[in-house]
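This report refers to the structure that appears directly beneath it.
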Amino acid sequence: MGSRNPKRKPLSRKEKREQEFNEIDNLEAKCEELSLKDREFVNFYELPLSSKTLKGLNSVHYLEMTEIQRKALPVALNGRDVLGAAKTGSGKTLAFLIPLIELLYRKKWTQFDGLGALVIAPTRELAVQIFEVLRAIGRQHSLSAGLVIGGKNVNIEQERISRMNILICTPGRLLQHMDQTVGFDCSNLQMLVLDEADRILDLGFEKTVNAIIENLPKQRQTLLFSATQTKSVKDLARLSLKNPAYVAVHEKSEYSTPQRLAQHYIICPLPQKLDYLFSFIKSHLKSKVLVFLSSCKQVRFVFETFCKMHPGVPLLHLHGKQKQTKRVEIFNKFSNMKCAYLFATDIAARGLDFPAVDWVIQVDAPEDAETYIHRVGRTARYEASGQGLLLLLPSEEEAMIDALKAKKVPIEKINVKSSKIISIQNQLQSLCFRDPEIKYLGQKAFKSYMRSVYLQKNKLIFKVDELPAEKYAESLGLPGTPKIKFIKKSETKNAIRQRPKQVSESERTTDEEDKHYQKLIDHEGDKIAIDSEDGDLLSLKRIDHELPDELEQKTSEPTSKRKLLKATSKKLWAKDSKKGQKLIYDDEGNPHQVYELQDEREFLAAGAPVVQKQAFVEKELTAMKNQDAIDKRIAKEKRRQKKLKYKAKLKAEMEAQELGPKTVLISPQSEDDEYQESQEEAVQLDKLDDIKSYGNKRNIESLQSDKATSDQEEYDGKQVRKDNKRAKILEVEEPETLEDHEKLALQLLNGF
Ligand code: ADP
Ligand code: MG
């Protein structure tokens, strides 16, 4: 009694290992006993979790479990497939990350075992966020984890990806690695997690996800989580789930949205939307607000114009056309701000956990009730409260409110006194007048809004022909109503077929938007065509004649400007009429047209028309094949040259650094990489955004890095994350490993 214990000798490595193996045996036995019918656990430490995980949880003050964690963790730790459904902000991330870490720990996973677990998230921001939670709670474990979200240098990722135990990815980039990265082997995968599972499994990601799943072993544990969970048998069959446990904690609750979330809607005519929004901002200057708009062009216009009107609160904007570094910067900025407005597209709708958002305003209606639930779920997270405000057009009210009520969303109508609404139309007009850039943005915003409404699936809610287009254009400050063209899918198909192949292909590969819109159209039945001058889809001229009359009158000019001009200008007519008259000269110097018609007698003498036709087709086919082969050879040679040049450059760099080949991690981004920037993912993330390219994104990173790289630091927005920066996540046990050498080399390179 009273005597202090003599200082304990630190355990030797062997003793530590033995202790760990004992713990693992113990955990294995306890996890096997767990079942759905178990008593309710309250705290994390009551579960059979490794001491390393418990330490990690403790370090970020996660002690008591949330409801979904209480229900899902025992089942997942027991090894069963889980379909987890719980409201937004209820702690689903830990419900899948803890079983993931624990499974690999119990399986004594080492760096030599390769990829053990895969988490797929629909957006890059969400993947980054999940990665940060993993870093926070997994810091005691000796597992390596990487973030694969596409964009930056695929070579750096390729270099490291095959050594990762856990990957957090977006679908597009993951598939790219599966296709291209030598040594990327998923055959040992133990667990697959889909966060926002219904989104990952929906049409937008269908092909990519199917291709990913094909590459994964069937013998694995699969966890699916979302606030709006899929129960589609077809989806679940795709994932080959085995007797999954359906864990839905709020299924029986009265409402599908968080309890502390107050939700209201107001009816607002389209031309007054921005007045309402501006007035709201002026009267809520001390709030943190997330504002959803339907497309990135809308977001840009509102952001740019509102900034110029200085409402008296910081404004930010987030959309899929921004470079990844910018997106991360804004994500962190908004996370850390107390009062600010973030204008965003639906890339911010799912999963993002911005702390302390007071309001979510949906200025443009969500495409469906699920999207509404996810958007509004950015506030009132965990135990916080929040408010949601939805702006609906008179034509949208009935069907949208019915859809929301059917999904158990408690939303109430409020009326706003018109005296409280400030009109900003004059200010917008003068901004458009003074600054052509703003006017241009306004025109783009107008068009993209009209298109987004036109492309919406639910025609009961979204009625493009009831929109007051002219008044709306006026309200944006535009001098006229921009023309837009809508065409039916069948018509577009014909039009595309009729176009010269070369042209349509070059346009298709140069423009991301094309793919994007085509995707939307696939399940839409209709198609949209856009002027080439906008850098948009296809430059099909004047194919809007199938438009509903009313809409045509409202939204398009009777004929294109070019045609009008042509009709009045003799010069243009003359120029145009000469087109296609390429002449060739015979030996006598007489001009002939290239395709001069033969005399009928000569033609018939040459043989039966069918035979002639056949011969002609065959001749042309052979010529085309030959040309194709030549083109391929040229392209191959070009690629070879490029590769050689690149290798020579790398070698020169290496020699200059006097370092071994492994140090060449910092390589310039090749053009190919830019093209490969997760095209599908880009298209799918942001349905109504026009995404052409992504900029720099974060590279894959390892939990094993002793020092946070500068890239990692970019993400350290939250308190928790700041702690991580300092923390050594893992000790490197054997300094002679590949990583250690690499790390050392990198440090040398960076002058550490
Ligand atoms: P969901 O995925 O269900 O929308 P998240 O996993 O993003 O929710 O968690 C929402 C918030 O709740 C996060 O800020 C997270 O830190 C917090 N949280 C989750 N689980 C716990 C817990 N057991 N104790 C305290 N806070 C928690
Ligand atoms: Mg989540």
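Using N, Cα and C of the backbone, Cβ positions are placed for all residues, glycine too.
Taken straight from TrEMBL:
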- 502-514: compositional bias 'Basic and acidic residues' (COMPBIAS)
- 670-680: compositional bias 'Acidic residues' (COMPBIAS)
- 42-70: domain 'DEAD-box RNA helicase Q' (DOMAIN)
- 73-247: domain 'Helicase ATP-binding' (DOMAIN)
- 273-422: domain 'Helicase C-terminal' (DOMAIN)
- 489-514: region 'Disordered' (REGION)
- 660-722: region 'Disordered' (REGION)
- 42-70: motif 'Q motif' (MOTIF)
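Here the motif 'Q motif' (42-70) has, by DSSP, the following mix of helix, strand and coil residues: 16 helix, 2 strand, 11 coil. When the domain 'Helicase C-terminal' (273-422) is classified with DSSP, helix, strand and coil residues number 61 helix, 27 strand, 62 coil. Note on the domain 'Helicase ATP-binding' (73-247): its mean pLDDT in the predicted model is 93.
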